[in-house]
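Chemist: Have a look at the structure that comes next, please.
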Amino acid sequence: MAQIIFLHGASSSGKSTIARELQARIERPFWHISIDHLRDSGVLPLSRFRSGEFAWAESRKAFFDGFHASLVAYADTGNNLILEHILDTPGWLETLSGSFAQHDVFFVAVHCPLELLIERESARGDRPLGSAKRDYETIHLGKTYDLELNSTDGVNASVEKVLKAWRRAERCSSFSHGS
Ligand SMILES: Nc1ncnc2c1ncn2[C@@H]1O[C@H](COP(=O)(O)OP(=O)(O)OP(=O)(O)O)[C@@H](O)[C@H]1O
């Protein structure tokens, strides 16, 4: 059984920042995995999607289905994962919950006030404007978490909370059996 710590929050909420620090401090080896890594490593022909030569809408489903299947493969082969992801499409939660049934999933909400999300998104300049607000308004609906963080608490305090709660090994989230 693999350990999966799933950080779920809006774009710019601070998932990657927490994931990096968590990976540096947790007592076992964990992968830090995100679609950001695929995107930033040049896997996709991004410039041709951006120019309109290729239609992202036609490739999106296969991309994410492949990403989700790869996560399951990593976990099934014994790799612990710090996963940061945004469940913004109907069916993804159910698919991943079913696929991860044999694994220990610790599901963590990363909250951030809307004004701060918009400020961060604008300062970064590398995310589509408006995605943080759209995520903020939708992605947490209908989800039950093992732990809820607020980015305003700071990275160190957030990582401490994750470690403490994860080590307790009590699970009650949307990924728990029977929920
Ligand atoms: N606790 C924090 N305090 C101050 N700034 C933060 C904090 N957490 C993250 N940031 C800043 O906010 C921006 C977004 O952070 P990060 O990349 O961790 O978010 P994310 O949720 O992974 O975003 P995305 O889903 O778009 O990849 C970065 O510029 C980061 O430095």
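Note: Cβ is positioned from N, Cα and C throughout, glycine not excepted.
Sequence annotations record features per position, and here TrEMBL assigns ATP binding site to GLY9, ALA10, SER11, SER12, SER13, GLY14, LYS15, SER16. Residues or ranges marked as active site in TrEMBL: ASP36.
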Chemist: Could you measure between ASP36 (active site) and SER16 (ATP binding site) for me? Cα positions, answer in whole angstrom.
Modeler: 9
Chemist: For a quick check of packing: other C-beta atoms within 10 Å of the C-beta of SER16 (ATP binding site), how many?
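Modeler: Around the Cβ of SER16 (ATP binding site), 17 other Cβ atoms lie within 10 Å.
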Chemist: Which chain neighbours of the ATP site, leaving out GLY9, ALA10, SER11, SER12, SER13, GLY14, LYS15, SER16, have a Cβ atom within 8 Å of the mean position of the site's Cβ atoms?
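Modeler: For the ATP site the neighbour list reads GLU84, ILE86, VAL110, CYS112, LEU117, ALA132, ASP135, SER151.
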Chemist: Including all protein chains shown, what's the count of other C-beta atoms within 10 A of the C-beta of LYS15 (ATP binding site)?
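Modeler: That number is 26.
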Chemist: Which of the three DSSP-derived classes (helix, strand, coil) applies to GLY9 (ATP binding site)?
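Modeler: The three-state answer is strand.
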Chemist: Across all chains shown, how many C-beta atoms besides its own are within 10 angstroms of the C-beta of the residue listed as 'active site'?
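Modeler: The Cβ of the residue listed as 'active site' has 14 Cβ neighbours within 10 Å.
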